[in-house]
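Below: one structure, written as structure tokens.
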Amino acid sequence: MEIENTRDSDSMRGSRVGFSGSLVSGKKSARFKDDESYVEITLDVRDDSVSVQNIKGADHEAALLASRLEKRPNNTLGSQLSFHLRQVSKELKRMTSSNKFQKIDRSKSGAARALRGLQFMNKNVGTEGWSEVESRFDQLAVNGMLTKSLFGQCIGMKESSEFAEELFDALARKRCITSPAVTKDELREFWEQITDTSFDARLQTFFDMVDKDADGRITQEEVKEIISLSASANKLSKIQDNSDEYAALIMEELDPGNVGYIELYNLETLLLQAPSHSMNLSTNSRVLSRMLSQKLKPTKERNPFKRCKRRLDYFIEDNWKRIWVMALWLSICAGLFTWKFIQYKRRAVFDVMGYCVSVAKGGAETTKFNMALVLLPVCRNTITWLRSRTKLGKIIPFDDNINFHKVIAFGIAVGVGLHAISHLTCDFPRLLHATDEEYEPMKPFFGDERPNNYWWFVKGTEGWTGVVMVVLMIIAYVLAQPWFRRNRLNLPSTIKKLTGFNAFWYSHHLFVIVYVLFIIHGYFLYLSKKWYKKTTWMYIAVPMILYACERLLRAFRSGYKAVKILKVAVYPGNVMAVHMSKPQGFKYTSGQYIFVNCSDVSSFQWHPFTISSAPGDDYLSMHIRTLGDWTSQLKTLFSKVCEPPTGDQSGLLRADVAKADYKPRLPKLLIDGPYGAPAQDYKKYDVVLLVGLGIGATPLISIVKDVLNNIKQQKNIEDGTKGSKRSPFATKRAYFYWVTREQGSFEWFKGVMDEVSENDQEGLIELHNYCTSVYEEGDARSALITMLQSIQQAKSGVDIVSGTRVKTHFARPNWRQVFKRVTINHPDQRIGVFYCGPQGLVGELRHLSQDFSHKTGTKFEFHKENF
């Protein structure tokens with residue numbers, strides 16, 4: 001023990017005493033399991049009192065309890081100090097041995113931490129007032145009594161009616177209420193206890209819920225029942241199935257004496273064991289966090305011109321690549337339209353057809369250009385080569401190739417509209433109603449006899465080709481819309497069969513016919529007779545040849561890239577993992593994708609799937625989620641040859657061809673690729689933030705594995721392993737956030753999670769799993785799951801939800817806090833943010849990337865995978 005005594009030079013009235021030493025000796029308690037845990041306590045000693053001035057140390061609970069020291073008269077410094085140190089030690093022992101529930105006075109920080117772990121009630125309940133509950137009582141009550149079945153709806157917990165009924169029973173038992181209904185006054189008492197935010201009240205409520213017979217003790221059977229209930233409320237089927245095992249685990253932890261029950265103080269001991277991660281933040285991190293919060297506060301610029309200028313500056317900064325590409329495209333379209341418009345304004349036909357013919361020909365010229373340009377963004381091999389082998393990616397947004405393809409398609413629609421409408425509603429009617437004298441200059445183009453009706457124009461080659469093209473374009477455009485392509489509309493079954501990905505796929509191939517008709521239509525022109533003035537073929541010749549070569553290359557390459565299937569796993573959640581042999585010379589980058597064909601399902605359909613294996617692996621793997629007809633049929637084929645699940649793998653089917661004595665007949669797969677994708681740019685960043693939702697984690701898992709392989713490689717170089725060469729790998733830190741709805745989803749990448757945990761000794765890869773089916777930490781319905789998770793993690797290092805060494809968080813991440821933490825850890829750096837998942841989260845992540853980039857020195861560059 002060390003004692004430090006410092007006295008004020010001007011006055012002898014006060015002094016501070018520092019103590020550093022072990023607060024607990026002898027037998028270890030559940031709260032203080034390490035005899036070598038020390039704390040430093042600084043006491044402020046006055047003439048007639050002693051108070052705690054400062055507490056530092058390894059165990060935050062010592063600080064919590066030491067704050068209870070009362071002010072007492074000071075006889076001598078030595079005796080007073082000794083008395084209070086004994087009091088601290090005595091208090092610690094009392095807290096770990098008492099079997100009576102008492103009110104505990106805690107420091108502000110300790111109470112805040114405890115409440116974060118014990119805010120049992122649904123946040124919707126906590127935010128509502130009694131007036132709302134009373135109003136619902138008046139609506140739901142019958143003869144002034146509210147039944148147990150309506151209790152959850154009344155207090156705002158209607159989504160978990162079963163759990164609400166358990167809460168009702170606990171509150172009723174406490175008050176000796178045996179009726180299955182309560183009055184308004186009794187409900188008011190229930191409400192006051194539910195909304196009491198003190199640590200002790202909520203701990204007591206939780207204890208009462210578990211203690212079914214109200215004897216003040218919890219048996220293993222009662223623990224099992226509440227585990228099963230909590231698991232059911234959180235859709236954790238595996239925990240529910242193993243509730244016996246987990247109940248025994250809790251009893252083993254809290255009932256070391258094997259007396260057969262646990263009491264309230266046992267729960268308190270467990271729940272107040274270790275400070276949370278946020279409590280261990282360094283002082284510098286806290287200061288930075290506060291400063292960052294101030295920076296990120298929205299500031300309202302009063303001057304509207306300055307406000308608009310700032311928004312414009314931010315917009316240009318975030319979208320300059322898109323801006324210059326769009327500006328160039330619009331300029332070319334406008335230039336072509338203007339050139340053709342002026343050209344026809346100077347021709348003799350203008351006197352009869354007027355501005356209509358100029359508009360029609362201007363629209364036709366832009367259509368020629370766009371029909372040529374629309375093929376380039378879908379030349380996948382060319383785009384991949386430009387992205388991977390050149391530096392054009394610094395100025396060209398290759399990530400937006402599909403979006404640009406859609407924009408060009410819209411430009412085609414505008415051009416076709418201008419061309420067709422101007423002809424059909426304006427210049428053709430003018431020609432039909434022209435006098436003989438006015439028609440005279442038109443004879444070289446339309447013949448000696450003036451057309452007498454619309455049918456004359458339609459039956460000609462120029463007419464019927466145009467009509468057929470427009471019809472085919474409309475079909476392809478409509479079926480390509482996400483409402484039809486992803487089957488988002490509730491359509492009758494007969495019509496629904498005509499939509500979906502298959503309809504999109506086949507209708508898009510109608511453009512082969514469209515391009516043939518487009519060339520014919522552009523050759524048989526009314527107003528241009530010389531071949532060199534018929535420029536349609538000149539526009540589209542090179543793009544069509546390039547696209548045709550792409551398709552031939554795909555067909556040739558896929559023909560000899562038949563892969564051997566090594567292993568198949570069909571997981572819960574309609575996900576299937578396929579491990580294949582890697583074709584000779586097949587090179588790829590994490591984040592890229594391949595097209596897959598299975599002739600047993602369809603000889604013509606090719607579907608894209610991201611590669612989930614890392615470039616350094618000796619196999620190829622992909623994870624496929626069954627969402628449509630093709631993937632459903634593929635899963636059915638593989639399921640027939642898979643083995644049934646073992647006892648610890650609920651719903652998991654496997655077919656390990658490499659190890660099996662009997663070689664099952666598996667479907668034959670062809671692959672085409674790899675092709676470039678936004679996620680492959682991760683190597684450009686020292687730090688990456690990877691966000692995946694559900695099956696969207698696939699490309700990001702490949703990145704995580706690649707970063708891990710690079711860590712191993714660099715370690716070999718540092719250890720002097722021969723033959724190792726340093727690769728141009730910039731990524732030094734990765735944050736991976738995976739959000740999924742179902743517990744079974746964690747089976748998909750369980751091996752990768754464990755491998756990272758075992759090999760990443762320096763913590764360069766942070767893995768964060770979130771299960772949204774579990775109520776957020778602090779909710780009553782997940783309280784016991786959180787407790788069980790802590791015990792299991794401490795005992796075996798395995799998370800009970802994911803089954804991996806990575807701890808699972810509940811509900812959804814606070815993305816602003818995620819960005820804030822990365823900003824604090826990496827000031828003034830470029831962070832690559834890569835997202836793959838549904839469209840719903842894109843806006844929030846893009847906004848946060850822009851907001852933090854604008855207001856801090858850390859620059860976040862957002863990349864979205866086309867999902």
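Cβ coordinates come from backbone N, Cα and C, glycine included.
According to Swiss-Prot:
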type: COMPBIAS; residues: 1-13; note: compositional bias 'Basic and acidic residues'
type: REGION; residues: 1-20; note: region 'Disordered'
type: REGION; residues: 175-186; note: region 'EF-hand-like 2'
type: DOMAIN; residues: 198-233; note: domain 'EF-hand 1'
type: BINDING; residues: Asp211, Asp213, Asp215, Arg217, Glu222; note: Ca(2+) binding site
type: TRANSMEM; residues: 323-343; note: transmembrane segment
type: TRANSMEM; residues: 359-379; note: transmembrane segment
type: TRANSMEM; residues: 408-428; note: transmembrane segment
type: TRANSMEM; residues: 464-484; note: transmembrane segment
type: TRANSMEM; residues: 507-527; note: transmembrane segment
type: DOMAIN; residues: 558-681; note: domain 'FAD-binding FR-type'
type: TRANSMEM; residues: 687-707; note: transmembrane segment
Near-site residues: Ca(2+), ref Asp211, Asp213, Asp215, Arg217, Glu222, CB cutoff 8 A to centroid: Val210, Lys212, Ala214, Gly216, Ile218, Thr219, Tyr261
Selection from 323-343, 408-428, 464-484, 507-527, 687-707, the stretch that has most Cβ pairs under 8 A to the transmembrane segment (359-379): 408-428
Cβ contacts under 8 Å made by the transmembrane segment (464-484) with residues that lie 6+ beyond its boundaries: 409, 412-413, 416, 420, 458, 499-500, 503-504, 507-508, 510-511, 513-514, 517-518, 520-521, 524
Which same-chain residues, if any, lie at least 6 apart from Asp211 (Ca(2+) binding site) yet have Cβ under 8 Å of it: Ala170, Arg217, Ile218, Glu222
Which same-chain residues, if any, lie at least 6 apart from Asp213 (Ca(2+) binding site) yet have Cβ under 8 Å of it: Glu222
Surrounding CB atoms that lie within 10 Å of the CB of Arg217 (Ca(2+) binding site), all protein chains: 18
Reported mean pLDDT - the domain 'FAD-binding FR-type' (558-681): 78
All-chain count of other Cβ atoms within 10 Å of Glu222 (Ca(2+) binding site): 19
Per-state residue totals over the region 'EF-hand-like 2' (175-186) - DSSP helix, strand, coil: 3 helix, 2 strand, 7 coil
Helix-strand-coil residue split for the domain 'EF-hand 1' (198-233), DSSP-based: 26 helix, 2 strand, 8 coil
CB contacts for Asp215 (Ca(2+) binding site) [other CB atoms within 10 A, all chains]: 10
